[in-house]
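Chemist: Below you will find the structure I want to go over with you.
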Amino acid sequence: MTVVDGTTPNERQPLLGSSNDSETLRDDVENPADLSINKTPEPTKERSWRTIGWYSFWTLLAAFGLGVFIKGFLDADDVEFDLKKALKSALGGGLSGAAAMVLQVLTLMPIRTVMNYQYRFGTTTTEATYTLYADGGWKRYYQGLGAALVQGPVARFGDTAANAGILALLQSNTYMKKLPALIQTIFASLAAAGFRMILTPVDTLKTTLQAQGKPGWGILRARIRRYGIGTLWYGAFATAAATFVGHYPWFSTYNFLDKNLPQPTTLPEKLLRQAFIGFCASVISDTVSNSLRVVKTYRQVNETRVGYFDAAQAVIATDGLKGLFGRGLKTRILANGLQGLMFSILWKLFMDM
């Protein structure tokens, strides 16, 4: 995309067209917000105090959580801990979640592609749907399918294994099992967030192809040549934060409703109950974590190196705070609502098999 006659392309204009220079990183910009970002000097390797403070906060939080976890087990002096039971619960829950996620990827990926496109460019659901279809037909909605089939099930395996395994581990300990269910879920959320950071390169490939289309391959190669392989981890901390912020409300809501709602007596009642729990958990999770995912996606798929704060400022400059908190939110609620319904039902069915 090129700046012509002193005019700057609009943010709404996507980077979907083919070009001969897609193999090299373009220095021009997509919108006025990007222009203001790229006018600044290239960041040095020295960490700013703000960045150091951000990393230190999450490091201390993780250390605190780990310290409380270890102290609880030491103070309890519990000899009833069943490691085999905890591992079996983690493996069973994780495999069931992964199997359910494969079906979800194949059925819901078009909606996910529209959502990630909206995260980057801020269009309406209808406009994004038509734009993507015009760029490549139905196949365009499945750009990044290979990465999605890896990232989705593996990430869900980590989420469900963390939830089932950590909760089983805590219930095996006389000290930790006395903690409220919402507090216990924090440990599972931290474990899931750390696991998601490991998968960031796969998520970067998937999201870039979804948002940018085929030129996404060239964008990633050019970015790696210019900034190094570490660019594949752009958005890793936002991914961890969004995972924790989204995972904790999802599973805390799920665990709370699962514990307090009346138990079903028939299969239809069981499926309806699980569908209701899954939908409620997804809506709450999406609303809380959406802004982090907008910033993550903007940074992750951008042609240039954009920091988290600059990414947030670029989105706000284009769509205001409404864009930061609301880009793609309706589509995400729809996608995750359907996914929550499917996941809760399929997970329980696979667990009972």
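Cβ coordinates come from backbone N, Cα and C, glycine included.
Found this in TrEMBL, in case it helps:
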COMPBIAS  1-22  compositional bias 'Polar residues'
REGION    1-43  region 'Disordered'
REPEAT    180-260  repeat 'Solcar'
TRANSMEM  52-70  transmembrane segment
TRANSMEM  90-111  transmembrane segment
TRANSMEM  231-251  transmembrane segment
Chemist: To what whole number does the mean pLDDT across the repeat 'Solcar' (180-260) round?
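Modeler: Here the mean pLDDT over the repeat 'Solcar' (180-260) amounts to 86.
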Chemist: Using DSSP, break the repeat 'Solcar' (180-260) down into helix, strand and coil residues and give each count.
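Modeler: Going by DSSP assignments, the repeat 'Solcar' (180-260) contains 74 helix, 0 strand, 7 coil.
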